[in-house]
């Protein structure tokens, strides 16, 4: 792969990630709040014990719409874009690093394994995910802290630089890498996503090639091709997210301030013991509602930019 090709994939990946992050930020905030252990968004329901006449409070997790309503009422619409700054700072380099690493790794592995085989896509996706996570974890930690910083209207909100200073004063440099073990576990989601995506993309390409050969036409990119890529991305991301979602909840808990959660497996075990298996999928609906369009937008933007820059 030439230096120009690498730069094209870097730029295209950055563009795709940025567009997706801006359009889906409110859903990201709601999802992060639902994943956290914060009690401020919980609802206490009173149940009467008809035998003894006593009342018992039962704490339940709010749904996405209730969470959205609480944020709008107590904090205002601007709170739905909490953490967008770090998100934009992180998403462009993260996606750029990811796509560049993925493309480079795939090109090299094609010389070792069968070109564009499942092994190639799996290893490339894993290596790209590992590289991007290691490089950008501090940015995502700050983003999560800002999104969990619930303040009422009129109260001074914590800024990104204040959050950085607070993390450093409390935990030092290692504090910026909390939750990274859960992110590494999440590489499985990335691998599943790209294997399915590349498989669907290949099938679509084979179908179009066969169609153009039958009609004796030259193969050119059309709007329907990008729609197909968006559907491929949405389908693959839905499957991958549903399978690997628990790591998202664990990661959010590990990134909370002053948390009792220390490691990936300790957090996973504690969640199941204290809140049940359902807690591992808290916020999944919101996450899917956000991730499906976000991934579709990101992948289509990436493919479009690569196509335009390569002429």
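Count begins at 1; order follows the chain as displayed.
Using N, Cα and C of the backbone, Cβ positions are placed for all residues, glycine too.
The repeat 'Solcar 1' annotation in Swiss-Prot covers 4-108.
Taken from Swiss-Prot, the feature repeat 'Solcar 2' applies to 116-203, supported by sequence analysis.
Look at Swiss-Prot and you will find 224-308 tagged as repeat 'Solcar 3', backed by sequence analysis.
What Swiss-Prot lists as transmembrane segment is 7-27 (among others).
Marked as transmembrane segment by Swiss-Prot on the basis of sequence analysis: 41-57 (among others).
Nonlocal intrachain contacts for the transmembrane segment (111-131), taken as residues 6+ away from its ends with a CB within less than 8 angstroms of a stretch CB, comprise 97-99, 101-102, 105, 184, 186-187, 190-191, 193-195, 198-199, 202. The transmembrane segment feature in Swiss-Prot is assigned to 111-131 (among others); the stated evidence is sequence analysis.
Marked as transmembrane segment by Swiss-Prot on the basis of sequence analysis: 180-200 (among others). Under 8 Å from some Cβ of the transmembrane segment (180-200) lie the Cβ atoms of residues 102, 116, 118, 121-122, 124-126, 128-130, 133-134, 137, 140, 231-233, 235-237, 239-241, 243-245, 247-248, 250-251, 254, 263-264, 267, 295, 299, all in the same chain and six or more residues away from its ends.
Per Swiss-Prot, transmembrane segment is recorded for 226-246 (among others).
Sequence annotations record features per position, and here Swiss-Prot assigns transmembrane segment to 291-311 (among others).
Secondary structure of the repeat 'Solcar 3' (224-308), assigned with DSSP and counted as helix (H, G, I), strand (E, B) and coil, comes to 73 helix, 0 strand, 12 coil. The list of residues near the transmembrane segment (291-311) in space but at least 6 beyond its ends in sequence, with Cβ under 8 angstroms from a Cβ of it, reads 8-9, 11-13, 15-17, 19-21, 23-24, 95, 99, 193, 197, 221, 226, 229-234, 236-238, 241.
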